[in-house]
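Student: Take this structure first; my questions come after.
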């Protein structure tokens, strides 16, 4: 089994980290730079920075904020939100992002995936996919614009398409699970990871320490993203990693990791 990654996520709007349930009812969590520094100290493997209102407001993720965060952390930083061109990608990479993430713009212009992968390499290109269950059919469907717009795209088919276009990684969020803290949609991630040959990050639903081992041991995901459980300090990253090691899940470990907040 490959080494698994624990990845906190900063959902940022108006320069502040926010968190809600099912993509709504956002509450203020704090300053992005301070929170990023805390996760650096706790031993996060990567950090995801998503400007969650950039697309709806017709703007790019704040480059200055990305630069400020990148100066504080020494782990891979993935940035998404409002990216519409290769110039936007270049600006974020120059500001300190290690990877860029497309979501709504990838659906609007799939060729943007190929263009970004050709210019910057598929290793630094992530496609984020927000997935919600259709109550009528039970199918997993793709939504964009912060989960507000249905696309009519079936999730597995879209995942296969973006990989074929050059995406080097998938960040897949279960909208049904987002912020609920009742566990990842492990069955879906098992199906998804069997269908694609790139790393997949699971997102949405982490609430208790067992949830991380469950998704790693019962699906092929290589990373588990979480927000609420870390932001509100119900668990630390070090506590999660200690539990994973006990359960036979390989993770990066450093004896100096902070167990507290």
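For all residues, glycine too, the Cβ spot is worked out from N, Cα and C.
Note that the structure is a prediction, hence the values are computed from the model and not measured.
For 11, 130, the entry in Swiss-Prot reads active site, with the evidence type sequence analysis.
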Student: For residue 130 (active site) and residue 11 (active site), what Cα-Cα distance in Å is obtained after rounding to a whole number?
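Tutor: One finds 14 Å between the Cα atoms of these residues.
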Student: Counting every protein chain present, what is the number of Cβ atoms, excluding its own, within 10 Å of the Cβ of residue 130 (active site)?
Tutor: 26
